[in-house]
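Colleague: Before we start, here is the structure in question, set down as structure tokens.
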């Protein structure tokens, strides 16, 4: 048990945070009760959702009659199961391979821990975590039974069981892949690839009416179980059996691989040369792998998000969208307002990338790599400035590619004027917001590295103002202080770009201050 | 007169209320291999970071290659090669790509020297850094440092991960660098390495200078160790005669052992020869004898 407790102790914070996030999402069925004023409006929304291919692709099929509980399980249920699956990949790799790669498990193995004990402990923790998720989600949904139609004890328990089993299945697949992969990073990549395949299988099953495929995908458990509709408990049994078989196979494979290695050979060699002469060149080369992943992820999610708005836009044209989404759409052209909302979400995600990228510069300083760069004759401010420049360019690349793809695809699925140009402008127009985030993070990393955690504060506050400001009745002048929702409608009369220029200027000034600040302090290590 | 490559006087560096270096003087002459010694936490690495301009001095005068590293860090470090004790590199780059990056940033490279040194250190530069052992990461930094066209090498415990064969290669590289007129500041706990390579040493403890000077002069001032084996009955008599010269020593099972200042060595050897001692050895002071007493520290 010591090994199990040690792993729990080491990773308790991420485990708790993931659980809290998923549970919080499960307490939202009542929002679907209040979103529609009349039964007629709800019926219209249900019909639109059932006939919208993009919504079916993302969320699956919405069952009749479309009660608040069913809409919750359909829409939030999709997010919850995807988030749970992402959590399962991250946590499973962390528990099984990260400790091997960073060397900490080697010390424990040297203290007499048997070879298979770490995997056994990881499997125990994953099983318990799966149970915790099931219970927590059931409880969170059940707590809303008086405020949302269709929420039943059996339905809530079935929904919780689906979430728990989704976690267990994806975790078991990832643990198995972690025995095959050469490194923790590769295990994570394989896990996410498997997750992508699971999503594709579920999407094909729902859009092409191939229900059998849903039985093969962990993300299809929600559809085959049907919480709040059929509550088919028997549909969970194949999943449970799969978890046992996958876990057992992982244990067998673990016994056949070397410590710190997988069954796949590791790619150890490369023959290329690095032709760089500046810190910007080095930062760009180092940022390349992460930028590629973020570009693919943001472009896929951003385009999908924009493309599935036809139902919402149609409803908004009749003035029927209320609640959170209604607050996002405002009073302008419904298509433009929806694309602005999608742009805001993309902007928040890209700003997250920006802050992570700037904070990576601080990690390089802490590990001594920045010191090695500086002693080649590089100016003290150059690594800080280079990280900001490369991050800004990276954000522009992500936004431009997302915007162009979205502009090419969205016009064919969303009715309205100038959909392509608007889609492009609302996405690329988020670059000034990303610049502002880069500026704040660079100032803190450069001048006040101990406070670098505060770099998230402006993003959190701006996201809160953009997503909840209208709903909570925050005065407009306060909302305008946020980084997002300043992109004008390019197809509208007299687009106003001054706020965007202010954001760019503020970001640039803060970057300069951060770079200057770095010259006035000691390097943290190196 | 040419300014020495490293000229530090009264260096003070504090971290909050903790004084890491308190008024240190350090002077390293041109083309000199200078040992920089002291126990863990003595302030060696902090001093080195000030020399590189990575840390700012709180007081004192610091000149490296004739410039102030706090104000002209880039100009100074462009002419310096530095190897830290713990080398952390980018795991997803190969050794060759790291060498390319360092040379590219510095703006000059000696490809032939780089290739020769990589061969001498048996470094496979085509491998990704994440597959390197600690010693191999150290080798990348050493190859980059020696191959760069710089005037001053600052090496902070550079051989902690190297095997004995590579230690030989390292010593050869340091000698070649010194022969080429480059100055070397070598911080190390391997006293044998310092003894073999260094012309001069500076010892610091608790952030203060303890001793500094040419190694030969310091040896000259230190005591040699004389041992002799005598028949049991004679040992006490001989020891009594030796004590008359003002020396103290010990006698164990007929063996006399005592520390003898350099000027008294002939007199002591005469007494022992007079007593017909069959085995007499006289060992000059080693670096270990000179320095180990300074390594005893209280926690700070």
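Each residue, glycine too, has its Cβ placed from N, Cα and C.
Curation does not apply to TrEMBL; its annotations are automatic.
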Colleague: I'm validating the feature mapping. Which of A:272-290, A:291-309, A:310-328 is tagged transmembrane segment in TrEMBL?
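Modeller: My reading of TrEMBL: the transmembrane segment range is A:291-309.
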Colleague: May I ask whether the transmembrane segment (A:338-362) has at least three C-beta pairs under 8 Å with the transmembrane segment (A:429-448), counting pairs 6 or more apart in sequence?
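Modeller: They do touch: at least three Cβ pairs between the two stretches lie under 8 Å.
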Colleague: Among A:122-143, A:155-177, A:189-205, A:291-309, A:338-362, point out the range having the most Cβ pairs under 8 angstroms from the transmembrane segment (A:71-95).
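Modeller: Maximum Cβ contact count belongs to A:155-177.
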Colleague: Looking at the transmembrane segment (A:189-205) and the transmembrane segment (A:291-309), are there 3+ C-beta pairs under 8 A, with each pair at least 6 apart in sequence?
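Modeller: No, since the transmembrane segment (A:189-205) and the transmembrane segment (A:291-309) share fewer than 3 Cβ pairs closer than 8 Å, they do not count as touching.
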Colleague: Do the transmembrane segment (A:291-309) and the transmembrane segment (A:388-409) share at least 3 Cβ pairs closer than 8 Å, excluding pairs fewer than 6 residues apart in sequence?
Modeller: yes
Colleague: Looking at the stretches A:122-143, A:338-362, A:388-409, which one shares the most CB pairs under 8 Å with the transmembrane segment (A:155-177)?
Modeller: A:122-143
